[in-house]
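Participant: Dropping a structure here in structure tokens format, bear with me for questions.
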Amino acid sequence: MSIERELFITEVALRDGSHAVAHQYTTEQVTQVAKALGEAGVPYIEVSHGDGLGGSSLQYGLSRTNEMELIEAAVSVCGSSNIAVLVLPGIGTIKDLKEAAKLGAKMARIGTHVTEADVAAQHIQTAKELGLETVGFLMMSHMASVHKLVEQAKLLESYGADTVYMFDSAGALLPHEVKERIHALRQSLSVNIGFHAHNNLSLALANTLAAIEEGATRIDGSIRCLGAGAGNTQTEVLVAVLDRMGISTGIDLYKIMDTAEEIIAPILQAPQEITRDSLVLGYAGVYSSFLLHAQRAAKKFGIDSRDILIELGRQKVVGGQEDMIVDVAAELAKNKAIYSV
Ligand SMILES: C[C@H](O)CC(=O)C(=O)O
Ligand SMILES: [Mn+2]
């Protein structure tokens, strides 16, 4: 029986949430979550290292469990849901993509920094050849003008992406900025438009509704806000709000609420709150996945993690430059030592 959906939600807790649990998911956890999400009727469930396939490394954080094992486990229990994988060209390879497809992944989500769409061409084309539904996405979208964003999105469309997403990776955009950007994308592209928010400024839901109002029909959510920084648009809340708005997602509200409460809450190392550090991510426009790296560096060098994040924002450091976090912390600690003499 096919389910009526006007809007398609991709649940990202098993990928974006990997950042929040320092990539420590076990096969048992992924199996339990993917099964429950499948039973709730979530159409797409993303499973990968937080930084995508191939992300397990000293630079990005070592995974506890091989992600292919997690993907295989999720595929085996997700029922009629589709497993999606995330790939950042330069980290994830074509070989990784092929392996995930072989294990039963049905969607590839291929992303680049907002000004670098051209590096996604080969990955998008391969995903299409593998018969995968293909999403192209642009990260850190607050860092580019509307004109630049549209130019880059058109490239993703020209490579064959079925859907183009705008990612507010830092949770830095305000609702009117989301509106303007999604409106421009809708005017300029023929493919589906998607939006991925972070809740660092407590605006994920407001921004998501602004995006939907302007024509986005693909939305990312993380159940119980289990995503990087303060998490993403909270899936179960989004489902409830859309239901009140008369927009069908095909997701069972009670089942998704139960999954959040009974399965996800016990996995969380701490409740997903807007802490002073996650607030600074949004305020300073810093990549949400830098949070734990910056907190570790702050501890190591005996400085305030907010100072590191503010400096990273000032220097416009982007995904892939995680090594800069320690450099910035060391420099701040050195200056602190000099000025305190
Ligand atoms: C690899 C990143 O964590 C992708 C993402 O979720 C974002 O940019 O936000
Ligand atoms: Mn994210």
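A Cβ is built for glycine as well, from the same backbone N, Cα and C atoms used for every other residue.
Okay, these came from TrEMBL:
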ACT_SITE  H19  active site, proton acceptor
BINDING   R15, D16, S169, H196, Y287  substrate binding site
BINDING   D16, H196, H198  Mn(2+) binding site
DOMAIN    7-257  domain 'Pyruvate carboxyltransferase'
SITE      R15  site 'Transition state stabilizer'
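Where in this structure would I find these features, and how exposed are they?
Facilitator: H19 (active site, proton acceptor): 26 other CB atoms within 10 A of its CB, across all protein chains.
A C-beta separation below 8 Å, combined with a sequence spacing of at least six in one chain, links Y287 (substrate binding site) to M139, M140, S169, A170, L281, V317, V318, G319.
Within the same chain, residues at least 6 positions away in sequence whose Cβ sits under 8 Å from that of D16 (substrate binding site) are E46, G50, D220, S222, L226, G227, A228, G231, N232.
Long-range Cβ contacts of R15 (substrate binding site) within its own chain (separation 6+, distance under 8 Å): E46, V47, S48, H49, G50, G52, A84, L86. Annotation note: R15 (substrate binding site) sits in a coil segment as assigned by DSSP.
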Participant: Going by DSSP, give the three-state secondary structure for Y287 (substrate binding site).
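Facilitator: It is coil.
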Participant: Which residues in the same chain, at least 6 apart in sequence, have a Cβ under 8 Å from the Cβ of H196 (substrate binding site)?
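Facilitator: Same-chain residues close to H196 (substrate binding site) (Cβ under 8 Å, separated by 6 or more) are V12, F137, Y165, M166, F167, D168, S169, I219, D220, N232.
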Participant: Roughly how many Å separate the Cα of H19 (active site, proton acceptor) from that of H198 (Mn(2+) binding site), to the nearest whole number?
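Facilitator: Distance (Cα to Cα, whole Å): 13 Å.
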Participant: Taking the Cβ of H198 (Mn(2+) binding site) as the reference point, list residues of the same chain whose Cβ is under 8 angstroms away and which are at least six residues distant in sequence.
Facilitator: D168, S169, A170, G171, A204, G227, A228, G229, A230, G231, N232, L281, G282, S288
Participant: In three-state terms from DSSP, label H196 (substrate binding site) for me.
Facilitator: strand
